[in-house]
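Pulled from Swiss-Prot:
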type	residues	note
ACT_SITE	Asp72	active site, proton acceptor
ACT_SITE	Asp141	active site, for ring-opening step
ACT_SITE	His143	active site, proton acceptor
ACT_SITE	Glu148	active site, for ring-opening step
SITE	Ser151	site 'Part of the allosteric site'
SITE	Arg158	site 'Part of the allosteric site'
SITE	Lys160	site 'Part of the allosteric site'
SITE	Thr161	site 'Part of the allosteric site'
SITE	Tyr254	site 'Part of the allosteric site'
Amino acid sequence: MRFIPLQTEQQVSCWAAQHIINRINDFKPTAERPFVLGLPTGGTPLKTYQELIRLYQAGKVSFKHVVTFNMDEYVALPEEHPESYHSFMYNNFFNHIDILPENINILNGNTDDHNAECHRYEEKIKSYGKIHLFMGGVGVDGHIAFNEPASSLSSRTRIKTLTQDTLIANSRFFNNDVTQVPKYALTIGVGTLLDAEEVMILATGHQKALAVQAAVEGSINHLWTVSALQMHRHFVLVCDEAAQQELKVKTVKYFTELEGSVAGTDYQDK
């Protein structure tokens, strides 16, 4: 695990964006050998997308040879709905960079056969070999994508029933009316995420502190989905100060010193 303890949400966003750009540029993608990037939606990554757009406009990166796979999508919510994850991604990221439309992959929550759609998505990922970097956020209960507490840690892309906590949390995007929030979603599985070459999770705000504690100091437990990433060879957790509040002082000190010792070396992004 690589734990990046920062001070502010803006620092988290800038660090994450620069890490993504470094990975893409170091990979030197081509049309025949694209960089495969997994992406989330929600409030946490929004500033990271804004920073990526800024750096793209500054000529620091091109997304022309990047293929993206999003984590999830609501079921039975039209793509053109302002709160669909299709709309979120195009409005907040894709419309502002040079990514090719055919390289964008988002689950179709309006298909008649959800199982077939989930299988198709898994096969599409496999056709590229693997996802090189999957960025995600984490819920207050430790869920990643829509892998709610008690999800199988070997699960694949599938349809999930959303918990009441998730419905309440997401109601802020639906006029604070929980009845408007779709009750089902298609989501990548925990196993799908673990297959990625690298996973980078962003956590900001004091409400994420217990999830961060579970990810860093807790045991692997299907009630805290994020804890499964302890098994991943290249797991990066980037947090602001508020999200570190439940960690032991010596834990934060250890990782802070560790980051300082590798800064500027070839091991910094390992």
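Glycine too: its Cβ is placed from the backbone N, Cα and C atoms.
When the alpha carbons of Arg158 (site 'Part of the allosteric site') and Glu148 (active site, for ring-opening step) are compared, the span between them is 12 angstrom. Secondary structure from DSSP puts Asp141 (active site, for ring-opening step) in coil.
Sorted by the number of other CB atoms within 10 A, the active-site residues Asp72, Asp141, Glu148 start with Asp141, the lowest.
Tyr254 (site 'Part of the allosteric site') sits 25 Å from Asp141 (active site, for ring-opening step), taking the Cα positions as reference.
Taking His143 (active site, proton acceptor) as the reference point, the recorded positions whose C-alpha atoms are within 10 Å of its C-alpha, out of Asp72, Ser151, Lys160, are Ser151. A helical conformation is recorded for Tyr254 (site 'Part of the allosteric site') in the three-state DSSP classification. By a simple count of nearby Cβ atoms, those within 10 Å, the most crowded of the recorded positions His143, Arg158, Lys160 is His143. Cβ environment of Thr161 (site 'Part of the allosteric site'): Lys183, Tyr184 lie under 8 Å away, each six or more residues apart in the same chain. In this structure, Glu148 (active site, for ring-opening step) belongs to neither helix nor strand by DSSP; it is coil.
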